[in-house]
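Just below is one structure, and these are the notes that go with it.
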Amino acid sequence: MDLLVKTAIHSMALLLAALITWHVIQPLQHYALGASLAGTLLFLPFGVKVISAFFEGWRSVLFLMPGAIAANAMFWQLPFDQATTWLAIVASYSIAPACFSVADVILRQDRRETNAHLSWRLIILCGLASSILGALLLNLILSRASALFGRLDAFLSFAIGDFLGLIAVLSAVTLAVRLWRLR
């Protein structure tokens, strides 16, 4: 039962982030900057991916997969009958856990057993590494599927949008926790 609850929570958080990104941030970005950008400059689902990977490690891939499939079907509409779609989804959701696993090996301890200051630094550092690696991998995987990918501006907008999405989600979670503690 615990696995089902965690899957529901993580996937719903991912879907909520995708919904806000698609229906609020994207229209505001198009209004303010036009449709010239390849990616979203505040991609909230990435923040959910990184935070989930920090707390759950490799299990986050399984917990987020139903939400990732639903978000793709509802918003991004990559064709499910192509191997590149599945490769892109798995790669996208595996990068953050891989970065945290490397950090665990380098630090010689479990990231969740560190103090709060080190945890924040790890989330930011691994999130930055994940955003760069993710933008690079997704551009390589999807460059043949769409003319949108495989360009430097697409790589930069995806990497920056992912990282800013992480910062936005971390800020929102921090604010929510502080407000909850004040009650």
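Cβ atoms are placed via backbone N, Cα and C, with glycine included.
TrEMBL annotations: computationally assigned, not manually curated.
Feature annotations, courtesy of TrEMBL:
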TRANSMEM  7-25  transmembrane segment
TRANSMEM  31-48  transmembrane segment
TRANSMEM  60-80  transmembrane segment
TRANSMEM  86-107  transmembrane segment
TRANSMEM  119-142  transmembrane segment
TRANSMEM  154-177  transmembrane segment
Per Cβ pairs under 8 Å, the stretch of 7-25, 86-107, 119-142, 154-177 packing most closely against the transmembrane segment (60-80) = 7-25
May I ask which of the stretches 86-107, 119-142, 154-177 has the most CB pairs under 8 A with the transmembrane segment (7-25)?
-> 154-177
Counting only residues 6+ away from its ends, which parts of the chain sit with a Cβ under 8 Å from the transmembrane segment (119-142)?
-> 46-47, 49-51, 53-54, 78, 84, 87-88, 91-92, 95-96, 99-100, 103, 111-112, 148-151, 154-156, 158-160, 162-163, 166, 170
Please give the sequence-distant neighbours of the transmembrane segment (86-107): residues at least 6 beyond its ends with Cβ less than 8 Å from one of its Cβ atoms.
-> 49-50, 52-54, 56-58, 60-61, 64-65, 68-69, 72, 78, 80, 114, 122, 125-127, 129-130, 133-134, 137-138, 141-142
